[in-house]
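Report on the following structure.
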Amino acid sequence: MTTAISSISPSPTRLEGKFMGMLVCWILGLGSLVSWNSLLSIGDYYYALYPNYHPSRVLTLVYQPFALGTMAILAYNEAKVDTRMRNLAGYTLFTLSTFSLIVLDLATSGKGGLGNYIGVCAIVGTFGVADAHVQGGMVGDLSFMCPEFIQSFLAGLAASGALTSGLRLMTKAAFENSSNGLRKGVMLFLAISTFFEFLCILLYAFIFPKLPIVKHYRTKAAGEGSTTVAADLAAAGIQTQPIEKAGDDAKQLQRLSTKQLFFQNIDYALDLYLIYVLTLSIFPGFLYENTGTHKLGSWYALVLIAMYNVWDLIARYIPLIEKIKLKSRKGLMIATLSRFLLIPCFYFTAKYGDQGWMIFLVSFLGLTNGYLTVCVMTVAPQGYKGPEQNALGNILVLFLLGGIFSGVALDWLWIIGNGKF
């Protein structure tokens, strides 16, 4: 006898609300990384406050162990974790943490010093915990819905980078000539980021679960044995209750273990790991500290970050064109490994090239990062049942965060090699 989830309310039959769902997913994706990208985009401010502490590298290194450790725990227990509570907890933590950066700066009157720097690091650690809750929770949740939802969410992740870069350039320009202008621009920027995080709480809590298409996919997942969607269905007015099933129904409710899913998709997991190892070994630390001095002056690093984010965003829409979407497992691995040729390209361009070549390379880095991420994330879950797709989504995000952590650690090799440590 097997315990399952069965709806006692009629399942939605109309798949309305797809466009609204894609829009909400895009905003939720934006909210998943807007806090972190805000931190990257105000790097020039933290370099002014803490010039001797390598902010872009240290803060990234602080962020990642919290994200990776929390994600590992949540991925191991994904079948027992309520997705609704997980995602709402993540967005709430993001909102409070981003607002805390404003409070800390106001309380210390924008002064530097080791104590204040440790405070910033502590807040960044909470970003990591929130990221693991939201990214794994949302990717797992959207993996058993239509591919356009997860593509929109991933595009929103990239949009957070492009949006924060654009806002940062505008706030820097607006306050550049005023007294204490850098700080004023940063405060306005963080306030806007806090608003976006709060908006995500409202959208996920009250709008997304009530869309007919979302109710349909969650009801379908519950019928396949998923226990993580009960609270979301309840929020949409669909009550669930455990029932006993046997025979053929019990077989239908059986799912592959997390270990089996991992070994069946180990190449996809490695793809994501290697994509982000390379990207984070260059972005953002190398771009802030190892690209030399050029005509753009203090704008140079901000322009490089902005170009990466814009092309990362554009690339996440390319797989919507089926003819140029890479679906071959072997092709994805070859494309992922070939990106490592960018490392010598960046090294020699930083040493001998001008800013035009560096902007081109950074754009290509963003283009390949966004394109390959969406291809892997949308192809991998196909052919599995809802609970398996949720588990696989968590596995893929775990390896993605593992790649980010490894890339951040390897990024220090640039600075050690230059003797600037």
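Keep in mind that glycine also has a Cβ here, set from the backbone N, Cα and C atoms.
Marked as transmembrane segment by TrEMBL: 20-38 (among others). Cβ atoms under 8 Å from those of the transmembrane segment (20-38) belong to residues 63, 90-91, 94, 97-98, 127, 130-131, 134-135, 138, 142, 145, 148-150, 152-161, 163-165, 189-190, 193, 196-197, 199-200, 203-204, 207-208, 211, 213-214, 309 of the same chain, restricted to positions at least 6 beyond its ends.
What TrEMBL records for 58-76 (among others) is transmembrane segment.
Residues of the same chain lying 6 or more positions beyond the ends of the transmembrane segment (88-108) and with a Cβ under 8 Å from any Cβ of it are 31-32, 34-35, 38-39, 116, 119-120, 123, 126-127, 129-134, 137, 183, 186-187, 190-191, 193-194, 197-198, 200-201, 204-205. Look at TrEMBL and you will find 88-108 (among others) tagged as transmembrane segment.
Per TrEMBL, the feature transmembrane segment maps to 114-134 (among others).
Annotation comment: TrEMBL describes 146-167 (among others) as transmembrane segment.
Among the features that TrEMBL reports, transmembrane segment is placed at 187-208 (among others).
Per TrEMBL, transmembrane segment is recorded for 268-287 (among others).
What TrEMBL lists as transmembrane segment is 299-319 (among others). Listed as Cβ neighbours of the transmembrane segment (299-319) (distance under 8 Å, sequence separation of 6 or more from its ends, same chain) are residues 37, 40-41, 43-44, 151, 154-155, 157-159, 161-162, 164-166, 168-169, 172, 283-284, 287-288, 291, 293, 325-326, 355, 358-359, 362-371, 373-375, 378.
Residues annotated as transmembrane segment in TrEMBL: 356-380 (among others).
Under the heading transmembrane segment, TrEMBL lists 392-415 (among others). Tertiary neighbourhood of the transmembrane segment (392-415): same-chain residues 54, 57, 60-61, 64-65, 67-68, 71-72, 74-75, 78, 131-132, 135-136, 139-143, 258, 261-262, 265, 268-270, 272-282, 285-286, 289-290, 373, 376-377, 380-381, 384, 421, selected by CB-CB distance under 8 Å and a gap of 6+ residues from either end.
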